[in-house]
Amino acid sequence: MTARFLQLPEPASGLYCNRAWGFQFQYAAFVFLNSSFLFHLQACGMSDFKLDVVLGQDFPEPGFRPEKGRTISGAEKINAAVYKIFSVNFAGRRASSDGFFRGNGADSESLGLPNGGDGKREHGSGKKYGPLISGTAYCISSCGMIMLNKIALSTYNFNAGISLMFYQNLVSCLVVAVLSLSGVVSVEKLNWKLVRVWIPVNVIFVGMLVSGMYSLKYINIAMVTILKNVTNIITAIGELYIFRKHQNQKVWTAMFLMIISAISGGITDLSFDSMGYTWQIMNCILTACYSLTLRKVMDTAKQLTRSGSLNEISMVLLNNLLSLPFGIILILLFDEWEYIITTDVIKLPMFWVVATASGLLGLAISFTSLWFLHQTGPTTYSLVGSLNKIPLSFAGLVLFKVPLSLPNLFSILFGLFAGIFFARAKMS
């Protein structure tokens, strides 16, 4: 990420011409693995934000070649320089991706990943149906995670969001540990120096999850989807002052539309809950802080690992493992343990099925997101994430029988449009 803010030398044009597709996949994988928003933001209903804050560049199409005699633009020069920087680590990331899927007998070729330096993908049914299957799996796990969390918190009226977070994170840690021991995934070995650097990020992460749980309990899914667009605005402002990153006019226009939709949605919300909206505002601030803090800490964290990198699965394990002691402290501090002991909800087998399934789906988002990104690209991935909010919002309105007025419906539709417009603007 820091490469965007450096003055980089122009590489030889042949490097850029011959390996443009290799660069596209490498940079997409770099953006994805270092964003680390996958299942965590899904848990709070923030699926569209995973890559919106980091995908601001267009990528060359496969087989791209500059025309003879044409001067390469400044953006292309920057892309070539970024490729030169990260190409050193490409082989290691490729091997890591192959190891990620080898538990199912799959490798990068069978999944349609770039194969060697020629930038060719596999032909046949894998290429034809791979994006459709991976995209469907990503959307199902994304929507299912949020819906099950809403069922656990609202339908079962479970009033211990911190405890639910603790249980889901514990499930994720156990699953990742089992997959690591069985050799299905590769996990970086943790050390005290890495943990000490990561603690500030994890504190914000826990606050983000807790606030997301409580906002989802008191607010309907459609309004949570619209209100969380405010996160993009706070992040853009933070990027401007911290990283000196400027957005184009289309992005600021999209964010202005998001503000209008959030305000109009809150005013016309028939099930308005001040407590829920307070939690959601806190969640937006904490999510933006998590994004900005993660960027500053990531480079230091990588230097403290043996391999010099920190993949997505390692970050999932690190975040969830460190959140467990913080979760215990918060459970004791807010006296949730008394509620857990006395409530009858935990005696219902179906509640445990819902809570466990939501945790497993949250972890599945990490796998399906990586798979979908490998099959398509950052542009398609980001756009599908935005479009995925539409069926999710309407499913939430119908299944939970949310009281709805025509102005509120218009505000929700307007907010969904603003989210899609924002994703498109980030690609331009």
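The backbone N, Cα and C atoms fix where each Cβ goes, glycine too.
Automatic prediction, not curation, is the source of TrEMBL annotations.
As recorded in TrEMBL:
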DOMAIN    138-414  domain 'Sugar phosphate transporter'
TRANSMEM  165-185  transmembrane segment
TRANSMEM  197-215  transmembrane segment
TRANSMEM  221-242  transmembrane segment
TRANSMEM  251-271  transmembrane segment
TRANSMEM  277-294  transmembrane segment
TRANSMEM  315-334  transmembrane segment
TRANSMEM  350-373  transmembrane segment
TRANSMEM  380-400  transmembrane segment
TRANSMEM  406-423  transmembrane segment
Exercise for review: Any chance you could find the range in 197-215, 251-271, 277-294, 315-334, 380-400 with the most Cβ pairs under 8 Å to the transmembrane segment (165-185)?
Suggested key: 315-334
Point to revise | Contact set, same chain, for the transmembrane segment (380-400): CB under 8 Å, 6 or more residues outside the stretch | key: 32, 47-48, 50-52, 55, 131, 135, 138-139, 142-143, 146-147, 150, 154-155, 220-222, 225-226, 369, 372-373, 412, 416, 419-420, 422-424, 426-427
Exercise for review: Please give the sequence-distant neighbours of the transmembrane segment (406-423): residues at least 6 beyond its ends with Cβ less than 8 Å from one of its Cβ atoms.
Suggested key: 48, 52, 222-223, 225-226, 229, 232, 250-251, 253-255, 257-258, 260-262, 264-265, 268-270, 382-383, 385-387, 389-390, 393, 397
Study note, to complete from the structure: Beyond a gap of at least 6 residues from its ends, the CB atoms lying under 8 Å from the transmembrane segment (197-215) belong to 40, 43-46, 149, 153, 161-162, 164-165, 169, 224, 227, 275-277, 279-280, 282-283, 286-287, 289-290, 293-294, 297, 300-301, 304, 318-319, 322-323, 326-327, 330
Check your understanding: Which residues, given as numbers and ranges, are at least 6 beyond the ends of the transmembrane segment (251-271) yet have a Cβ under 8 Å from it?
Key -> 219-220, 223, 226-227, 229-230, 232-233, 236, 277, 402-405, 407-408, 410-412, 414-415, 417-419, 421-422, 425-426
